Amino acid sequence: IRQSAAVMLRLRVKKHWNKISPNDRESLKAVVLQAFAVETEHKVQHSLSQLCAVMVKHETPDRWPALLQLLNQSTKSTNPHDRRIGLLLLNKVIESNPEPFKPHYCQLLQLFSTVLQDYDNPPALYYCILTLTAITAYTGTEEMKEMRAIIPSLIVALKHLIKADQEQASEAMEVLIELMEIEVSIIVPHIADIVRFCLEVGTDTALSDSLRVKALSCITFLIKLKSNSVLKLKLLGPILQSIFPILTAAPPAGEQDPEDEEDDCGDPTDSDNPKHSAAQMIDTMALHMPPEKLFHHLVPLTQACLTSENPYQKKGGLMCLAVLAEGCADYIRSKMLPSLLQTICQSLSDSNRVVRSAALFALGQFSEYLQPEVSKYCAELMPLLLGYLSTLSEAKIGHVTKVFYALENFMENLGSDIEPYLSTLMETMLSALNNMENLKIKELAVSAIGAIANAAKELLVPYFPPLSESLNGFLTATTEEMRPLQNQSLDTLAVLARTMGKDVFGPLAAECIQLGLKLTDAIDDPDLRRCT
């Protein structure tokens, strides 16, 4: 009941503060602080502190001296419980109004440097770090010295918080990203310590995935902002030595990595787990570090993976090659493309599906970022990809997605070199459109036809009649489950309109316009409207 009263009052105050008379405001301020001082239930204290935060928004801290006095007393109290509650209140009022407290920042930072050593009071550490995160964006040159001095204590406090509550620690670690983003010079003297701490957390398999991901993403962010400092401090070698075991780790017995699950159809470097964070870190290194320095450390590690008998070691090596393609494109083109493509080709024929999947992803990345050179290896690669297509019906959907990803990126830039493979490709695609039950596979096939059309152009004309017939059924679909396929069909129709030439597509122009107007009017779907 007390909590509900605080919540309802907060909503009222938020909207109608100006309608409250000055006398009532003063008595309300006094009552709220009094209630906070005697309250013992955490959830009520939490709601009361949020109520105070809304009132401060209207009143500014200096017009509420009693609040400042309560904060001062409680945060410096000898009683650990009082300190914890005082820091909760401080956190809520500052989080919602960081700027009005600016005159008090230096004093606050002195308080934080004391609180961060209160290791036996994890909630106090947590609220203190959240408050530090909230003021970071508003600090100026006058607070720099104190901010820098606080970093070593902050790292030790985070270690203690991890032991007490991993979820809170994961949220609190956001402070490191905030410090880097707002004023990276604060952390420059402490880069080595931050990297060591984050590697410790990121490599500890006893900790939660979300906490490990947060730690690894801190290093990734640091590499993005300060790659030169990371190199100068000779941290690149230790970082790679630490993250390669994460990249090549086998999943727990009886389980699979998320991207090897049967129904997965996303980008293997997307989701939230330590292995993907390790891959993203190498991706960021490739984009922000000189390739020769990066490859000096990476080559021995990657070679060891790729020559291993363990499928997860091989997969890790291939994932590493895949994420290097964008950032190190010129270096790979000029120095190592034939040997890397040979490795990928061999892996495409590996007996283990995990390895084959990773090789398809790597080939897709190479095809996307290393054009036009990759297209020269058409004779070696197309037969392998066509071999994959011949087993579509019994393959798992996640695997099929990766086949199409590699195939599309590779075909798109072939131009007339696609001709020898065109009949096999189109037979497979048309068969998938007409005979496959799975809507996802149909969607992938429609998308692939767009890529084929971009390469083949007028060579595709003979296939246009059966193709437009198949697409027509999808374009006029009305059910929700058909929507992704309908959208993809519209995108591919656009490619055909561009590539088939006026004589072939002209007769359909009026019909297409009518369809477009009808779809825009009849179906309220933003994606469909964009495609239309």
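Just so you know, glycine gets a Cβ as well, placed from its N, Cα and C.
All annotation found in TrEMBL is predicted automatically rather than curated by experts.
Keep in mind it's a predicted model, so treat the numbers as computed, not measured.
Here is what TrEMBL records for this protein:
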type     : residues : note
DOMAIN   : 1-38     : domain 'Importin N-terminal'
REGION   : 251-276  : region 'Disordered'
COMPBIAS : 256-270  : compositional bias 'Acidic residues'
REPEAT   : 336-376  : repeat 'HEAT'
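Beyond the ends of the domain 'Importin N-terminal' (1-38), by six or more residues, the same chain brings 44-45, 47-52, 54-55, 58-59, 64, 66-67, 70, 85, 89 to within a C-beta distance below 8 angstroms of the stretch. In terms of DSSP secondary structure, the domain 'Importin N-terminal' (1-38) contains 35 helix, 0 strand, 3 coil.
Note: the repeat 'HEAT' (336-376) comprises 33 helix, 0 strand, 8 coil (DSSP; helix = H, G, I, strand = E, B).
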